[in-house]
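Notes follow the structure.
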Amino acid sequence: MAFLKKSLFLVLFLGLVSLSICEEEKRETEEEEHDQEEDDKSEEKRFLSLIPHIVSGVASLAIHFG
C-alpha cells in the first residue's frame, strides 16, 4: 500500500510540474503575441504620422510644377 501511495504522489507531482511548464510556455507565447501586436500598432502610428508630411510634400510639388 505504501508503494502505491508513493507512486501515486510521484505521478501527481510530475503531472503538476508538467502542467506548470505548459502554463508558463502558454503565458510566454501570449506575451510574445501581445508584444507583436504592440509593435504592429506602433508601426502603424508612425506611418500615419507621416501622412501629413507626405501630403504637404505632394501639394508643394503640385504647386511648383503645376
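Every residue, even glycine, has its Cβ placed from backbone N, Cα and C.
Small disclaimer: the values here were computed from a predicted structure and weren't measured.
The annotation compositional bias 'Acidic residues' is assigned in Swiss-Prot to 30-41.
Listed in sequence order, the residues of the same chain lying 6 or more apart from PHE65 (phenylalanine amide) and placing their CB within less than 8 Å of its CB: none are present. Look at Swiss-Prot and you will find PHE65 tagged as phenylalanine amide, backed by similarity to another entry.
Marked as region 'Disordered' by Swiss-Prot: 25-44.
For 1-22, the entry in Swiss-Prot reads signal peptide, with the evidence type sequence analysis. Same-chain residues lying 6 or more positions outside the signal peptide (1-22) and placing a CB less than 8 Å from one of its CB atoms do not occur.
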